[in-house]
Amino acid sequence: MAGSDVASEGPSPRDGATRRPGATGGLRSQAAASCPEPLSAAEAPAERGALPAWMRLYFYGMHGITLDVLVSSARRFARSLDLRMLGFSSPYRCLLHSLTHFALEQLYLQRPRCPSAFLFNFLLYPSAHVGLQTLAGQALRLSLGGGPGGAAAPALGALDLALQYVLALYHGQVFLKRFLCLRYPRRRDQHTRDTLPAARDAQILWEAGGQRRGPGGARGTERSPTQGLPDLLRFLFFGMHGFLDEIFFTFFFNVLGQGDRASSGHTSLWSFFMYGSCSFVVEKLYFHLHYSRGWGTWKRVPIYVIFIYAWEFSWGLGLRMCGACSWDYSHYPLNFMGLITLMYLPGWLFLSVYQDLLSNVLWRVQYVPTN
C-alpha cells in the first residue's frame, strides 16, 4: 500500500496563440480558445514519446515479480490447497526480469523486419523468450545454490517448457503490444518558457493555459489531475507494486532481521487486491487533499497511515475468517489481534510518501492505442 510526494511541474501551456499587433483582446480570446481543456496524448502526440528506459525497466521488474508470484502461488496451491495463496520471488529475480524483458523488447521492436509475422510471433520470439528465461534461471541457481519456497524452479521439464511458451505468447501478443502504447511527456517546459511572448501577452497565455496545471502549481488553486492512466490500469499497477513491496520487504527482513540466508521473499495472491484497492483509494485522497485543500505532505501522511492500518486490519480480519490470512503479528510487540503492528509504522510512512511520487508519475503516463 504504497504512497510519495514530490513537487513536480504540470504540463506547460501550449504556444499555439500567435501575437497580433495592437490586439490584446484578440490575443486573449485566441489563447483561451487554444487551451480549452487538457489535451489527451492522442491530441498532442508531438509532446509525448515512449517511456524512458529507467521507467520501462522498473515496470518490467515489477511485472516479472508478478508472474513469479502467480506461477509459484498456483503451483503451491495445486500441491497443498492452501488458501493463503503464498507466492515467491526475490530482488535478484526482479533484476533479471528487468534485463531479460528489456532485451526481449528490443527483439520485439524488430518484428517489422521479419518477412513472416506468424514465424516471428509463434517461433522466433517464443524461442528467444524461453531461452533467456532458462538461462536467467540457471544463472540464478548457480549463483545462489538454489532457493527455498519455489523461487527457483527445478530443471525444465515438458510442462515447464509448455508454461514458458504460453508466457512467451502472453508477453509478445498481450503485454508488450499494449505496454509499448504507453507514452510519457518529453521535457519541454524550459523551451516553452523561452519561446513565450514577454510581459502582458505571456501573462495572458499563462492564464489561458492555467486549466492544464497539475502537480507543482499554486496549492489550493490547482485542479485535480484529469489525465493519466485509466482507473483499471492504475489499479493493476498498484496491485503489482504491492507484490514488489512485499517481496522486497520480506526478503530483506529474512536476510537482515533474522540472519537467515534466504534467497527469496514471499507474498500472497490476496495482497494484489489488498494493495491495489488501498493504493487506489490513497491516490484519490492525495488528489483531494493536495489539489482541493492544499494540504502539505506531512499533513496528509497521518491520514494515509490511519487509512492503511484500517484497510490492513479489515482485510486481515476477513481473510482470517476464511483461513486465508497470510500474516500473523502476534509475536511482535505493539500488535492488535496479530493483524496490525506499530513495528511497521516506519515502512508505512515511507510507502505513504512514496505513493504520491508514483501518482505524479502515473498522472503523466498516457495509454495511446495504435491501429
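Cβ atoms here come from the backbone N, Cα and C positions, even for glycine.
Since this is a predicted model, take the numbers as computed values, not measurements.
Looking at 151-171, 235-255, the stretch flagged in Swiss-Prot as transmembrane segment turns out to be 235-255. The transmembrane segment (235-255) makes contact with the transmembrane segment (269-289): 3 or more of their CB pairs lie within 8 A, with pairs spaced 6 or more apart in sequence. Within the same chain, residues 96, 99-100, 103-104, 107-108, 111, 152-153, 156, 161, 164-165, 167-169, 171-173 sit at least 6 positions outside the transmembrane segment (117-137) and bring their C-beta atoms closer than 8 Å to a C-beta of that stretch.
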